[in-house]
Structure formats: structure tokens, C-alpha cells
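Taken from TrEMBL, the feature signal peptide applies to 1-16. Look at TrEMBL and you will find 145-166, 173-191, 211-232, 268-284, 296-320, 356-376, 397-417, 423-445 tagged as transmembrane segment.
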Amino acid sequence: MGTGLLLMILSVITQAYILVRLNAVCQPSDQECPSSRIIPKLSFAFTLVTIRAASLLSNSYILAEGRVTNFLLATSCIAGVWSSATNGNFTIEEFIFLLLNIFARFGIELGMSKQIAGPTATKDHPVSIICDIFGSSFCNVSMDIFPIISLAMVTCIVLKLIAYAVHQRFLKYFIICGTILSYAFIANYWASESTLLSHTKAVQEIGRSLAPRFVYAIGGLSLVISVLWRLFAPVDSLKFNKRITSLSAAMLCSWSPTILMLLGRQGAFVALICITGAWCIIMLQQKYQKDSKLDITGSCVANPVSVTQWSLLAVCLFYLTGHWCTFDGLRYGAAFIGFDNFHIIRQGFLLSIDTFGVSHILPVLSLPFVAIHCYNTASKKSKVKDVTINILIQVHLMYGLITAITTTVTIVCVTIQRRHLMVWGLFAPKYVFDAIGLLLTDLLIC
């Protein structure tokens, strides 16, 4: 335990040192140091990460980690709103991001209610109150129609993302066709389970068995083609930033249909929250650059608050989807979507995607979009070479450092609480989830 803790501490120190050195590289010697601009942001981000990490020492706070993380995310939003209101430059993105936290909190409460044995919606539960007001028939119809509407919105947004971000013609058209087919099969799968429509047994079997397998196959094929394109595409055919956005969009579109299929009917709504949160964070980061009037030095330094907010939102999405850090919190039913027989590798792989897909895979693959927008403002003016690479490394290192700090503190908490009554019921599973999440995050970043 001591050796593992020492290695984690060395890892955190190494990542922090590399970040400091990269910041120094992005500051030419003939320019004034912009530390006065970045230090308040860095201090605020470090405070949020420290509070969340320190809360893991208590078993009650581990059980309420979703609420704690949502509270910290809302705190960062309110701080941004307060700063903008003071300066008189409040934007609609800040209001949307604050409203998004309210929806996320409602979803976390609904997701955490699944931990309680018995019926999910009790008399004082918000869902039960809504059903009492509008009637049970309205709730049943809404449960079938709202996911389809959300899926249609997600499809339109993803197709626009592909058209904007993917610049290679063959890859673009292949990803577009695969995305349309995948979401059509997802809608077919949901329709086959709907109580509003009458289906024959053959149609139900096709929808429940073949449709998910087609989604998995299309996603796997898209992933393979994206990797092959990354390895064998001509290096000089596109600029570096366009290659990054093309590859990131292709990887996101390859993974997202499978993750949405495994998440069930809530998947489309969760995807809308994820997309809206990413858009708000990117727009607020651009606003920060514009308001600060960053020069050629400050333009290539990533905003630590934006990366911290993206990390907190990823944790909120984990609990919003009904997961929690105990072994009985695994959604074993998701591993059998499209399959009736058990195979340890196949079902284990699907269960892993369902558990870490929306909280690790999608957020890490989306990091280039959080960073790449700096290219247009920085590369045209900056004298620093390879500014896009520096920004990408900074953003990925910040995200990895946040995850590493949380995992390190979890190890410290497990070490301190190794004689605790809940060590095997709560602290050890939390350590396992965080360690696997850190490993997966580092692999995806690499």
C-alpha cells in the first residue's frame, strides 16, 4: 500500500511539473508574464478538486458523491455568473449551463433513488409527483415518446458535428451513413419494446436481438476504419488541427451509438446534457479569452476551470445514469442487450462500456474540442511553435491530473479507513472504480 501510494504521489508531482514547464514554454521571453490572469483561475480550480477529493474520506460523502460533485459544478457556474454580472457581460451560455446543473441534479436524484430497495418512485419522489399531477397514462406515453424525440435531436447534432469537424471525404460519408443506420436501429430497438405499438413476435425478436448487434457491428467497424485512417492517411493532406478534429469526431461517433444503446431510454437525454455542457464550456472558455484580452502569450494557456468543470460534469453523468461505486451498482442487464447467452468476454466488455462510457470514454474523447478552439485565435498571432500541440497536451494533462489527484486521495482514504466497518462494502469498491477509471483515462489520453 505504501509503494502504490508513493507511485501515485510521484505521478501527480510529475504531471504537475510537466504542466508548469509547458506553461513556461508557452511564454516567450520577450513578453510580459500573464500569471496574474491565470493564477486566480488555477487557484479556484484547485480548490474545487481539493474539496471533492477531501470529501472521499467520509463514507457518507462517498454515497452522496453525485450530489457533492453537482454542488461543486454549480458553485463554479454561480462564481462565473457572479463575475460576469459584476463586469456587466452576462451571456446566455452561463444561464444555460446553470440551468443544466438543475436538470443534472434532478437526474442524479432519480439515478440515486435506484440504490434504494423497493419501488423507484416513492410518494414524495419528483417523478411520482409529476405522475400524480398529469396522470399515469401521460407518464407512460411520455416515457415512450420523449426518448425518440431526444434521439432525433442527438442525431441532428451529431450529423452537424460530422459535417463541421470531419474533413476527409471518405471518412465523412462513411461516418454519416454509419451514424444514421446506428440511430435508426436504436429507435427500432426502443420501438420493439414500446407498449404503445403492437408488434408480431418476429418483429419483436428482430428489434430486440438483431438491432443491438447491428449497432455494435457498425460501431466496431467505424472504430477500426478511424484507427486505420489515423495510421495510414497522408500526413500533409490536412492541417494538424483539422486532423485532430476529424479523428476525435470519428472516434466519438464510433463509440456513442453503442453507449446510447447500453444506457437504454435515458441515453439520448444524457447525451443532450453532455453535448449542451460541452458547448457551454467551450463558449465560456472563448468568452474568457475575449474578456481577458489575452495576447500572444496568454492565448496558448488552457483555462483550468473549464477542464475542471468538464471533469465534474463527467462524474455527474456517471451518477445521473444510475451508476454508483459499489459492485451491486453495476447495471448487469445492459450487458445482455441483444444477447440471451452469457459469454464472459463479450458481456464483460459490454458491461465495461456501459459503466465507464458516459463518464470516461466520451469525456476524454471530447477533450480535443475543448482545446482545439484556441488554435484559431492563437495560431494566427502566436510566435510559439506547435501551439496547438501545447494546448492539447495541457488540456489532457490537466484532466489526467484531476483524475490522478482524486485516485491518490482515494488510496489515502482506503489506507486510513482499512479497519473501517465499510472498508469492503464501500471504500474498497470506490478505490477499484477510481483505479480502473484512471487507467482507462490514461489509455484514452495516450
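One-based numbering along the chain as shown.
Glycine is treated like the rest: Cβ placed from N, Cα and C.
Most Cβ pairs within less than 8 Å of the transmembrane segment (173-191), among stretches 145-166, 211-232, 268-284, 356-376, 423-445, belong to 211-232. In this chain, the transmembrane segment (268-284) lies apart from the transmembrane segment (211-232): fewer than three C-beta pairs between them fall below 8 angstroms, excluding pairs fewer than 6 positions apart. Proximity of distant same-chain residues to the transmembrane segment (145-166), defined by a Cβ-Cβ separation under 8 Å and at least 6 residues beyond the stretch ends, is recorded for 172, 175-176, 179-180, 183, 186-187, 190-191, 245-246, 248-250, 252-253, 256, 260, 265-269, 271-272, 275, 369. For the transmembrane segment (211-232), the residues of the chain that approach it from at least six positions outside its boundaries are 168, 171, 174-175, 178, 181-182, 185-186, 188-189, 192, 247, 250-251, 253-255, 257-258, 261, 337-339, judged by C-beta separation under 8 angstroms.
Counting same-chain residues at least six beyond the ends of the transmembrane segment (356-376), those with a Cβ under 8 angstroms from any Cβ of the stretch are 165, 241, 244-245, 248, 251-252, 255-256, 258-259, 262-263, 270, 274, 278, 281-282, 285-286, 289, 299-300, 302, 306-307, 310-311, 313-315, 317-318, 321, 323, 387-388, 391-392, 394-396, 399, 436-437, 440-441, 444-445.
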